[in-house]
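For reference, the structure is listed below as structure tokens.
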């Protein structure tokens with residue numbers, strides 16, 4: 001599933017081609033996504049794009065009368081293409097732009113979403129979200145406060161959007177490795193120093209992935225059709241049985257809440 005770096009990479013890639021241009025119309029080939037494509041999107045016509053923003057793993061296209069909320073789901077990607085390029089099997093939504101480009105949404109599993117809202121505030125998919133991990137609000141003090149009485153393993157807690165948004169399976173595993181923290185540790189067992197370090201490395205890992213265009217394991221592509229290159233820098237995720245890049249100990253794979261977790265027994269305590 002695309003996580004924060006992949007969604008932010010998509011935002012940065014599509015923004016220059018959308019802001020200041022006008023949506024001439026939308027072409028919906030298959031509106032049966034995780035939720036049906038909103039009727040308002042079908043009716044788009046001569047609509048300028050004012051901004052392209054992101055909240056958690058949602059892309060937000062600001063229009064004069066409302067917002068398009070896009071979620072990439074498990075396998076979605078957005079590309080900027082010439083208008084004349086024929087669609088393929090899993091290309092479900094096109095926004096045809098006034099500058100001769102299209103924003104094309106591709107999603108083999110069809111678990112993404114294209115929704116419409118007049119107001120972002122209070123929308124059900126955006127309500128009750130925690131802070132952005134790259135914001136000043138997310139720091140060691142905040143993390144310690146939220147972990148202090150939490151009797152659950154730190155790995156799934158990092159993936160809870162009520163704590164912090166956008167830190168999915170890949171980046172939770174990578175951040176815990178960078179901080180030297182075992183994924184099975186109770187959140188409440190983390191010291192002040194460990195919370196401070198973990199908050200800092202989460203930011204560093206996410207920023208590095210954004211610099212590399214995100215992580216492509218299977219389906220994700222940047223807006224120019226290129227893969228994300230952070231996969232080449234993964235320390236533990238997806239490396240079961242391979243030697244730790246630091247100490248040589250084989251990487252272990254377990255499961256938390258049905259999600260794969262990767263770690264080094266020697267480096268993470």
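In case you wondered, yes, glycine gets a Cβ from its N, Cα and C as well.
Listed in Swiss-Prot:
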ACT_SITE  2  active site, schiff-base intermediate with DNA
ACT_SITE  3  active site, proton donor
ACT_SITE  57  active site, proton donor
ACT_SITE  259  active site, proton donor
BINDING   90, 109, 150  DNA binding site
ZN_FING   235-269  zinc finger
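Recorded features from Swiss-Prot, shown on the structure.
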residue: 2; record: active site, schiff-base intermediate with DNA; Cβ contacts under 8 Å, 6 or more apart: 10, 57, 72, 76, 77, 214, 220
residue: 3; record: active site, proton donor; Cβ contacts under 8 Å, 6 or more apart: 57, 166, 167, 168, 169, 170, 171, 214, 215
residue: 90; record: DNA binding site; Cβ contacts under 8 Å, 6 or more apart: 106, 107, 108
residue: 109; record: DNA binding site; Cβ contacts under 8 Å, 6 or more apart: 73, 74, 75
residue: 150; record: DNA binding site; Cβ contacts under 8 Å, 6 or more apart: 157, 186, 187, 188
residue: 259; record: active site, proton donor; Cβ contacts under 8 Å, 6 or more apart: 156, 159, 169
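Remark: secondary structure over the zinc finger (235-269) totals 0 helix, 12 strand, 23 coil, with classes taken from DSSP.
Of all Cα pairs drawn from 90, 109, 150, which the record names as binding DNA, the longest spans 42 Å. Neighbours of residue 57 (active site, proton donor), defined as other CB atoms within 10 A of its CB across all chains, total 22.
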